[in-house]
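Q: Below is a structure I'd like to ask you about.
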């Protein structure tokens, strides 16, 4: 009996390392996507060829053909008229690398997944969860093209709505993987008050809302205007006439650069306040040390992220600083996931042992 259990434990350990690798790949994918956006490279490839598109142009004639395709869209005519072929190659390589990494992630997920199923290393509930994650990954590829297509006919950039959808879906997949990874950890259940559980869940939800707002800021280039802090447009809270001049009023939440940047700022303040209150509650209530450490790291990460956001704004979105800001956002999300999951009932070693037997 000991040998089969040990074998299943070995399988689950391999599954955990595979999921760590996948989470790192998705984080890298988000950063490459951010660089692609910041360098205005996302519309350089005007076709979606999931299989044959994995190869870049291999001859001068193919490069010219790809460049001619780019010349046919509004972005070239209105923003990059006169661009040379060498300049086009620079933006092409960013978008091509982003798509290639997406293809690699699909393969890196599917092949080990099939192998683990063949070896009987996955219990049925874990298989279902991983199939859902794989399906979301396929959907993400389609959403990526849906986003790119929005900038090929009339616009000179992709739709901020579709950009935000693309980013949030990627981070939902990331969240599902990290959560699943945590559920495979060997740890006892962590006791926590209802209030701490609620605030940890609220923090995770607010982080996602803030990530969505951040994507809208990126899509509208709203970080390149109103580059002052703590005031915005001359005051801490702009006038309602400026915030809601578009009709219907709700369109301002997505289309008005002032409103979009303002709500991103306000959400940052709200997140920071909730994180600090969560930490104080954990300390005062003498919560489990793991919960206190998680709350502390989350508050510190949010402090760093807020500082980076302010600097990115004041310096008018330099690429490297903006990418660091995006990278720390992933760290904040990871800490929020871990803290929220920590509040749920963990699996004891005995439960994991039973899970391993069930997988057999």
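We count from 1, first residue shown onward.
For all residues, glycine too, the Cβ spot is worked out from N, Cα and C.
Swiss-Prot lists 14-34, 104-124, 130-150, 161-181, 200-220, 265-285, 294-314, 317-337 with the feature transmembrane segment. Residues annotated as heme binding site in Swiss-Prot: 264, 325.
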Q: With Cβ distances under 8 Å as the criterion, find the stretch in 14-34, 104-124, 130-150, 161-181, 294-314 that has the most pairs with the transmembrane segment (200-220).
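A: Between the stretches 14-34, 104-124, 130-150, 161-181, 294-314, 161-181 has the largest tally.
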Q: Give the sequence-ordered list of residues that share a chain with residue 325 (heme binding site), lie 6 or more positions from it, and have CB atoms under 8 Å from its CB.
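A: Listed in sequence order, they are 305, 308, 309, 312.
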Q: Within 10 angstroms of the C-beta of residue 264 (heme binding site), what count of other C-beta atoms is obtained when all protein chains are considered?
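A: Residue 264 (heme binding site): 21 neighbouring Cβ atoms within 10 Å.
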Q: Are there 3 or more C-beta pairs under 8 Å linking the transmembrane segment (265-285) with the transmembrane segment (130-150), counting only pairs at least 6 apart in sequence?
A: no
Q: I'd like to know if the transmembrane segment (265-285) touches the transmembrane segment (104-124) in this structure, counting it as a touch only when three or more C-beta pairs sit under 8 Å and are separated by 6 or more positions.
A: no
